[in-house]
Amino acid sequence: RKPLRYETVQTKTRCQCWMVFTWISVAMMCCPPLLGFQKPIFDREAFICMLDWGNMAAYTITLSILVLGPSVITIVYTYCYIFTMMRRLRSGVLIHDKEYATALSENLSNPSHIMSFVLVMAFWVSWAPYAGLRIYTVVNGPPQV
């Protein structure tokens, strides 16, 4: 947890291995629909071919759990940790390791943490209506005109 240990824990070789693992796993997750034998849907209004995600419900749910799940958990955990530590430092809670407290206060005094949080929240808030509408349409069917 100490910020000064990052270079010893996360070496260049380890980062490269994680990047290779990420690219291979993403390719393996995204290729099945592209290599499948299903017919794409052609949207005449937009002149675009799309995959029929409605007929691939199990794949869609699995992919969203494997991709969105860890991402959301990591984002929530990281921001909870950052803002908890910011609150502790502001309230004056005593941290026994002086080197850790100094490094932590220097890192948390950077305003980019709050801006990053605002950008992530703006992204989720802006996509929430579309996601809610799509979930509503999947559950209740398309609206009757």
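In case you wondered, yes, glycine gets a Cβ from its N, Cα and C as well.
According to TrEMBL, the features are:
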- 1-145: domain 'G-protein coupled receptors family 1 profile' (DOMAIN)
- 20-37: transmembrane segment (TRANSMEM)
- 57-82: transmembrane segment (TRANSMEM)
- 114-133: transmembrane segment (TRANSMEM)
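Non-local neighbours of the transmembrane segment (20-37) in the same chain are 51, 56, 59, 63, 66-67; each lies 6+ residues outside the stretch with a CB under 8 Å from one of its CB atoms. Taking H, G and I as helix, E and B as strand and the rest as coil, DSSP gives the domain 'G-protein coupled receptors family 1 profile' (1-145) the counts 110 helix, 6 strand, 29 coil. If you average pLDDT over the domain 'G-protein coupled receptors family 1 profile' (1-145) in this model, you get 79.
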